[in-house]
Every structure is written in C-alpha cells, then in structure tokens.
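**Q** Take a look at this one; I'll ask things after.
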Amino acid sequence: MSLLCYNRGCGQRYDPEGNSDDSCTYHPGVPVFHDALKGWSCCKRRTTDFSDFLSIVGCTKGQHNNEKPPEPVKPEVKITSDKKELADFKPKFNELIIQAPKPIECINRPSSDEPMAKLQLKISASLKQALDKLKLSENDKTVTDESGEIKIGTSCKNGGCLKTFAGPQSNEEVCHYHSGVPIFHEGMKYWSCCRRKTSDFNTFLSLEGCTKGTHLWTKKDDGKKVVPCRHDWHQTGAGVTISIYAKNSMPELSYVEANSTVVNIQVVFEGEKTFQQNVQLWGVIDVAKSYVSLTATKVEVFLKKAEFMTWARLELPQKAPAPSEQNETPEEQE
C-alpha cells in the first residue's frame with residue numbers, strides 16, 4: 001500500500017518497502033514570503049509566482065516521511081477570578097463621547113475633468129542594475145529546448161499539482177489540480193475553489209486538487225496581464241507618498257498621470273505583470289512639483305499638496321446615489 005509523504009516540497013506517494021535514504025527530495029526549511037517574493041529558507045531561489053514556488057525542487061535528499069505534522073494549537077484566553085473581581089469594582093456611569101470637529105473641505109475644489117499630465121520619472125541606480133541582470137538571465141528561464149520539446153523534470157504549472165514530466169506517458173495521466181487561487185487570511189490557508197482550510201502550510205501544499213484535467217507543462221503567453229499589488233500610503237504636512245511594492249518595474253512602460261484631484265497609475269513589472277490604479281484624491285495637489293521614484297523593490301509616487309494641511313484619507317469617499325424621487329400628488333383635503 002502506498003503512503004503519502006509529508007516532507008515539505010515532496011507530497012508524493014511511495015512504497016514503504018522501497019524507502020531508501022535518497023528516495024525523497026524535499027525542503028528542510030520553512031516557506032518565506034517577503035515583498036511579493038516566495039521561497040524556502042533553505043534555498044536562495046525566489047519567485048513571485050505561486051505556482052512556480054510550489055514547483056521549486058527540493059534541496060535535500062532523505063527518506064520519505066508519512067507522519068503528518070501537528071497543526072499549531074491556538075492558546076485559549078481564560079478570564080481569571082481576579083479580573084472578574086476588578087470588573088465589579090469599576091464605576092458604572094454613562095460615558096460622554098466628545099468628537100472632534102470634522103475637517104473643513106475645500107470649497108473651490110478643481111474639477112476632476114482637468115487635463116492630465118505625466119509626472120516626472122526618477123530611476124534609481126539599483127533598478128538599472130536589476131534590469132540589466134534580468135536581460136542577461138532571460139535565456140536561463142526557458143522551460144523548453146530549441147526543438148520545442150518539454151524537458152524531463154519540468155513541473156506541472158497547474159495549481160496544487162506536484163507532478164513532473166517523465167516522458168510522453170505523463171501526458172496520459174489525469175491531473176488533479178486547483179482551478180482557483182491560493183488565499184492566506186487570518187492565519188488560514190486554502191484555495192478559493194475549495195472549502196478545506198488549514199493553518200499549517202505543509203498541509204496546505206498537500207491538499208489534493210478538486211479539479212481533473214490534463215497537465216500544463218508550459219505557461220501560455222497571454223501578454224501583459226493586470227494583477228493586484230500590495231500598496232499603501234503615508235503623508236506629511238507638505239505631501240503624500242503612495243508606495244507600490246512592485247519589483248523590477250519597467251520605466252519605458254510605466255507611468256503616472258495626474259491633475260489637481262485625480263491620479264492614474266500604471267506600473268509594468270516582472271516583464272509581464274501590470275498594476276493599474278485610479279485614485280480620486282481627498283485633497284488637491286500641485287502636479288508640477290509631484291514626481292515618481294522607481295527603485296528595484298518598489299515604486300513611490302510623491303504628490304505635493306497644494307495646501308499645507310492633513311488629509312483625512314487618501315481617496316475621496318464616493319457619494320451614495322440619491323434615491324429616485326417619487327412624484328406623488330397629495331390628496332386634496334376639504
């Protein structure tokens with residue numbers, strides 16, 4: 001009877017009688033997610049694509065392991081008797097909440113239909129070096145050889161499938177994969193197409209696919225694709241900075257255009273990924289004194305405030321649509 005190996009990066013089924021010291025290729029480390037990069041603590045290889053991360057070949061050989069790692073136990077929060085006694089001594093009274101006055105919005109707010117102007121791009125030396133290295137290593141990232149044939153050992157690109165190409169017979173196998181995307185939320189890990197959730201990353205990797213199909217050995221080139229990207233903002237009295245954590249952005253394809261109250265952002269990074277964002281600004285900016293800084297790890301959009309003041313938020317809240325007025329004729333009263 002075959003058993004399932006729970007070593008990180010393996011997930012294969014094996015025969016216990018043939019389990020030797022070099023049967024399993026796995027990762028002894030732990031998964032590391034940092035600045036949109038994914039990898040293992042025991043390896044130096046990093047990638048931004050989750051399916052590529054799952055297909056990273058292990059760096060250590062050993063025996064297969066069929067022992068499922070225990071899931072972390074969440075500590076229970078208990079209320080002691082001392083806390084209950086202290087709560088009884090608290091004075092009971094009605095709290096009076098005083099709210100600060102709402103900020104006064106500008107009366108003469110410029111129209112959002114004003115002409116847009118592209119902001120100045122400032123390219124850092126670190127980004128130039130990173131782009132030069134990427135151009136030199138483009139040939140090393142191809143999966144197929146010059147004849148167009150799939151190489152032995154190529155991993156299936158379907159999410160959740162850990163099979164590798166072993167020859168023409170691999171094309172006849174049924175691929176069990178996840179058609180959705182991985183979701184990490186509040187310590188839980190799962191696929192959007194399944195309801196099975198776990199807090200252990202190793203268990204998440206071994207979740208069997210919920211969809212049957214054929215293996216995908218090479219990715220289809222769909223050109224530029226719009227993807228989400230982590231971003232945030234902070235402010236000083238003089239300006240607002242929007243940070244977009246996109247690595248290796250391409251200056252010739254990326255731009256930011258703005259007028260006094262609207263900003264349109266397009267960042268092309270990692271060769272084929274595009275981040276787009278339209279922001280209706282809460283305040284008013286000086287377009288001529290605003291600019292964009294491109295570095296190897298992120299893009300920073302500096303917006304010079306037209307007035308030295310604190311913004312309540314970055315975006316102007318959308319006004320709720322007014323309810324349709326009903327034309328009713330009042331009844332005549334005698």
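Cβ atoms here come from the backbone N, Cα and C positions, even for glycine.
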**Q** Quick one: which of HIS27, HIS176 does Swiss-Prot put in the Zn(2+) 2 site with CYS42, CYS43, CYS59?
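**A** That Zn(2+) 2 site, as Swiss-Prot gives it, pairs CYS42, CYS43, CYS59 with HIS27.
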**Q** For the recorded Zn(2+) 1 site formed by CYS5, CYS10, CYS24, HIS64, which further same-chain residues have Cβ atoms within 8 Å of the site's Cβ center?
**A** TYR6, ASN7, GLY11, GLN12, TYR14, SER23, THR25, TYR26, GLY62, GLN63, ASN65
**Q** If I restrict to non-local contacts, at least six residues apart, and a C-beta distance under 8 angstroms, what lies near CYS43 (Zn(2+) 2 binding site) in its own chain?
**A** HIS27, GLY29, ILE56, CYS59
**Q** So which binding-site residues are near CYS161 (Zn(2+) 3 binding site), with CA atoms within 10 Å, out of CYS10, CYS24, HIS178, CYS193, CYS194?
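**A** If one measures from the Cα of CYS161 (Zn(2+) 3 binding site), the binding-site residues that come within 10 Å are HIS178.
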**Q** Using Cβ-Cβ distances, find the residues under 8 Å from HIS64 (Zn(2+) 1 binding site) that belong to the same chain and are at least 6 apart in sequence, listing them in sequence order.
**A** LEU3, CYS5, ASN7, CYS10, GLN12, TYR14, ASN19, SER23, CYS24
